[in-house]
Amino acid sequence: ITYTILPKVLGQPFKSCDSGAPIPSISCDSGVPIPSISNIGERMGRSQELSDSKRGPVIGGHLGNKSIRAISWLLNIPRSTVSGIITKWKQLGTTATQPTSGRPRHMTGRGQRMLKRTVHRSRQLSAESIAKDLQTWCGLQMSPTTVRRELHGMGFHGRAAASKPSITKCNAKRRMPWCKARRH
């Protein structure tokens, strides 16, 4: 990525477009037209991040001694994003996305929902049989330990049934008057 184009662009006068929003007029010394950057930071959701090609103009503006506010306004990117890109570039020397820390989760959200449905259908399945079912139904290869860990995280725990005495008809007849006497 080259960062030499935007400082020249930021110093040039503005043209207006149909919507009334100013966009920088972009031209190159060689005469080759460069695509407009007016819609670089269109409104996007929180989870999306800017691509490397969209981070380049931010660094170019910074190298052209433009303020964070000016870069933010020109590129229609939030000031916090511009500031973060510049800080990252100063610390790491690159604007590329760094790998995330930690081991990625094996179970996706879709797998968790399938696991939950499986357990709701039959609470007495073993972790081994659930792991086999998930492999045949949706191709998720996982161990019974992973199944247990995910179920514990969802709030499902293996419990032995409470032992209840078998009440015979004779004991039921004797017990009824005893219960009625203690009801009041």
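The backbone N, Cα and C atoms fix where each Cβ goes, and this holds for glycine too.
Quick look at what TrEMBL annotates:
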{"type": "DOMAIN", "residues": "44-95", "note": "domain 'Sleeping Beauty transposase HTH'"}
{"type": "REGION", "residues": "93-112", "note": "region 'Disordered'"}
{"type": "COMPBIAS", "residues": "103-112", "note": "compositional bias 'Basic residues'"}
{"type": "DOMAIN", "residues": "112-183", "note": "domain 'Transposase Tc1-like'"}
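In terms of DSSP secondary structure, the compositional bias 'Basic residues' (103-112) contains 4 helix, 0 strand, 6 coil. For the domain 'Sleeping Beauty transposase HTH' (44-95), DSSP puts the residue distribution at 34 helix, 0 strand, 18 coil.
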